[in-house]
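Enquirer: Please read through the structure below; I'll follow up with questions.
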Amino acid sequence: MWPPVDVRSLTAESLGRASLILAVDLLLFVTSILNITVIAFTPDLSDVIGCYLISLSVADLLTAIFVIPLSIYSTLEGNWRIGGDNSIICKSAAYLQIALFCSTVYTFAWICIDRYSAMMKPSRYSEQSLTRCKCWIVFSWLTSMLLCCPIIVARMQVVFYPDAQLCVLDWSATSAYSVTLLLLVFVPTLVTVFNTGWKIWSAMRNPAALDDSQRMLVETDPNFVLTGFLFVTFFLSWLPLITLKVCELIWGPFDMDLSMLTFFFVWLAVSGPCCKFLIYMFTNHQFRRSFLSYISCSMCCSSRSRYEYHDIGNNSFL
């Protein structure tokens, strides 16, 4: 099941691809840990929007721990192919990555609803509690896991996609399930995102029509800018891959080899969440201040420990 890597069969291309996937994995792992730690241990960030951001980072962290390492190993050992088509490992990997992606999409929808409520209905927004937010997050995760259960329990075709080094659903053989997943996950989310986003954008473009409370909220709450950048980076990271697949669907398969281009576009989309840490640092002063204070505190504690150890060593002869 886990064949040893044959070092003699490694090529420059396989090493380059494995290095790129490893870099994405490390970046995603480190930034997710930092995001979760700073938000969870900063009281000013532990609000409703902070819970949604932690949910997004947890999905990224699980991807970095359970999904991407399989792609690294498969790149180095080309004959393994994540256990092969329809293997339990391949099905589990496909299930996990689709479930995590669905939970991310649902969380984006809840973020849009939260920002819409804060902007358009500030009097009712105060009724939003952390308990209700956590219930919506749990509901989103359970729904995502249950919707993707047929991948494991049913005889659905899962194939290894060598251009991306990932296991994916054979959409041609699972068209009914694919349409159901599209209607239950992506269509409601897209409608919610575009509807609420357009209303928020229209209101912010006409600040004279806003109430004083709404205008003050827009000017003082950095979460509007933060969530806006999150949506833009998510869209831009997936745009090249979507454009390539749409072109292949419309004009048919091209004569040129697009495997390397597909590989880069897939892992560009996977690496998109790595930008969350930079977005939080540049748009939220509380996140930036907390992170810098943790860094300075850890450096001070480390230097103090070294000083005490050095002092004990110098006085050990007394």
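Each residue's number is its place along the chain shown, starting with 1.
Glycine residues also receive a Cβ, built from the backbone N, Cα and C atoms like all the rest.
According to Swiss-Prot, the disulfide bond annotation covers Cys90-Cys167. According to Swiss-Prot, the topological domain 'Extracellular' annotation covers 1-17, 73-92, 155-175, 245-257. Annotation source Swiss-Prot lists topological domain 'Cytoplasmic' at 42-47, 114-134, 195-223, 283-318, citing a curator's inference. For 18-41, 48-72, 93-113, 135-154, 176-194, 224-244, 258-282, the entry in Swiss-Prot reads transmembrane segment.
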Enquirer: Just name the most isolated of the disulfide-bonded residues Cys90, Cys167, going by other Cβ atoms within 10 Å of its Cβ.
Expert: Cys90
Enquirer: So what's the mean pLDDT when you look at the topological domain 'Extracellular' (155-175)?
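Expert: Over the topological domain 'Extracellular' (155-175), the predicted model scores a mean pLDDT of 88.
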Enquirer: Considering pairs 6 or more residues apart, do the transmembrane segment (224-244) and the transmembrane segment (18-41) have at least three CB pairs under 8 Å?
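Expert: With fewer than 3 qualifying Cβ pairs, these stretches do not touch.
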Enquirer: I'm a bit unsure how to read this: which one of 48-72, 93-113, 176-194 has the highest number of Cβ pairs shorter than 8 Å with the transmembrane segment (135-154)?
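Expert: Result: 93-113.
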Enquirer: Which bits of the chain, at least 6 residues beyond where the topological domain 'Extracellular' (155-175) starts or stops, bring a Cβ under 8 A of a Cβ in it?
Expert: 17, 21, 67, 70-71, 74-75, 81-82, 84-86, 90-91, 93-94, 97-98, 258-259, 262-263, 266-267
Enquirer: Counting Cβ pairs under 8 Å that are 6 or more apart in sequence, does the total for the transmembrane segment (176-194) and the transmembrane segment (93-113) reach three or more?
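Expert: Contact between the transmembrane segment (93-113) and the transmembrane segment (176-194): present, because at least 3 Cβ pairs are under 8 Å.
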